[in-house]
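Shown next, in C-alpha cells, is the structure this report addresses.
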Amino acid sequence: MAKILVLYYSMYGHIETLAEAVAEGARRVSGVEVTLKRVPETIPAEAFAKAGGKQDQKAPVASPQELADYDGIIFGTPTRFGNMAGQMRTFLDQTGGLWASGALYGKVGSVFSSTGTGGGQEHTITSTWTTLAHHGFIIVPIGYATPELFDVSHVRGGTPYGATTIAGGDGSRQPSQEELTIARYQGEHVAKITAKLKS
C-alpha cells in the first residue's frame, strides 16, 4: 500500500482547509493510506495568539525523520514574500540527515500554497520544488487537467503548479469551492501517481 503524507503549515487556517481537501482527494484512490500532519509552530504561543493565529488545528505535529516513512508527500505552505513560510523552511532545514542518506530519493512530491493578494503563489510552489529536487523527489504538478483552472470569471487561486487560495489582504476570504476542487484533484492526482510507482 502506498503511503501519502499531506504536510502543511497554516497560521490562519487557509492552508489547513486546503490540506484537508488535498487529503480528501488522495483518499479517493484505492490502495493508498493518507496521513495529514503539520509542521511545528516556531512563533511563541503568546505572539501567535496575539496575531490571531488559528490555535485549534487538529492535525498532529510531524517530525522531519518520519518523512522517510512515506512514498509521497504533498507540502502546503503559505507564501512569505514569494517563498515558503519560515516554519516550513525550519522543518525542511532539519532534513539534512535524510538528504545525506538518500532517504527521500525517488519519493513523489507536490506543493500547494496560499497568498494574501495572489502575488508569489506560483513562485512559492516552484521555489519549494528546489528543496524537493535536492532530495531527489519526483515532482508532480497538476497541469491544466481540471476545468476550474480555466475559469477567469472571478478571483480564484489555483495554478498548473499546484492548488492555491487567495485569502485577501486581511485574511477574511476563505478557500472557495473551486479552489477546494482543485486541491482535491491535486491530492487524487498525486496519490494515483504514487500508487502506480509503488506497485
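Each Cβ is built from the backbone N, Cα and C atoms, and glycine gets one as well.
Not measured: the values here are computed from a predicted model.
Over in Swiss-Prot, the protein carries these features:
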| type | residues | note |
| --- | --- | --- |
| BINDING | 10-15, 79-81, 114-119, HIS134 | FMN binding site |
| BINDING | TYR12 | NAD(+) binding site |
| BINDING | TRP99 | substrate binding site |
| DOMAIN | 4-190 | domain 'Flavodoxin-like' |
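Neighbour density at the Cβ, taken as the number of other Cβ atoms within 10 Å, is lowest among the binding-site residues TYR12, HIS14 for TYR12. Remark: of the binding-site residues SER10, THR79, THR115, THR117, the most isolated position is THR117 (fewest other Cβ atoms within 10 Å of its Cβ). In sequence order, HIS134, HIS135 make up the list of same-chain residues 6 or more apart from the residue listed as 'substrate binding site' whose Cβ falls under 8 Å from its Cβ. PHE81 (FMN binding site) counts 8 other C-beta atoms within 10 Å of its own C-beta, drawing on all protein chains shown.
In the three-state DSSP classification, HIS14 (FMN binding site) falls within a helix.
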